[in-house]
Amino acid sequence: MNVVLSRDSQVRAMENTVTNAERYFGQFCSLLASYTRKTARLRDKADQLVKQLIDFANTENPELRATIRDFAEDLAKVQDYRQAEVERLEAKVISPLKLYGAQIKQTRADIKKCKRVQNNEIKQLEKLEKLRQKSPSDRQMISQAETSAQRASVDTNRSTLHLVETVDAFQEQKLKDLRRIFSDFVTIEMVFHAKAVEVYSSAFQTLENYDLERDLQDFRAKTRGIYGHGEARPLTDTNPAPSVPWPLASQSAQSTMARQGKEAGGEEDSETDSVEEIPLEDLKGQQQGPRD
């Protein structure tokens, strides 16, 4: 009976391992999926900001218009990288975590089967003990009960050994996957933020280089010329704003506007749909990420 109790304790420990994996991996999957969705929403809001900056730039003088244009282009580039970040999180983090549902279900089925075999062994041993107490002289019945108990014990040993091997393989794979998934998560975030810092630095420098005094002088010259408060000085490079918006100069701005068009078509909830995965190393060598 001590052997039976020892095996039961062993199975309970393995069951706890699977239960904890089911609980925490499920929470990881849910939280990281929410993290990815919110990152996609942040990308969409930034796309809207880029669009508003473009519209605003078309109403301003050439100096400010050029500055805001370049600034918007940099923000659009960051959203390219953020789009790539979302795609990689889906492929490298969310999808592997989702696979654990099926693995845990199969392991639980193996545990349940092993427990049924153990319960049968306990019943056979209890039956044998009762026969020995009630009919100690009935050697035939006792012999049959001993045979059944021995057969049940062999089945239990075999089932327990199989379960130990199954849970051991499950635990090993779980540890490897845990390390790989979160390593990929950190790598994805580091690559995005490294690229974002690079582009944001360019955006900051664009704003620092903006000649506010020149723009203000141009504005004052125009307003004084209109209302006759003084002679307007000759202007250089102050052609009036074109009647149509300036063309989008980069693929980043074009892809931003394309995402805006998708949202207008009622597809704003599709930001977390999986797309073809782009290798992490590709992001490190490119200046802007794919979107569609």
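Here the Cβ of each residue, glycine as well, is placed from N, Cα and C on the backbone.
Annotated features in Swiss-Prot:
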type: COMPBIAS; residues: 138-153; note: compositional bias 'Polar residues'
type: COMPBIAS; residues: 249-258; note: compositional bias 'Polar residues'
type: COMPBIAS; residues: 266-280; note: compositional bias 'Acidic residues'
type: REGION; residues: 6-217; note: region 'BAR-like'
type: REGION; residues: 131-153; note: region 'Disordered'
type: REGION; residues: 229-292; note: region 'Disordered'
Composition by DSSP (helix, strand, coil) of residues within the compositional bias 'Polar residues' (138-153): 15 helix, 0 strand, 1 coil
Integer average pLDDT (0 to 100) for the region 'BAR-like' (6-217): 92
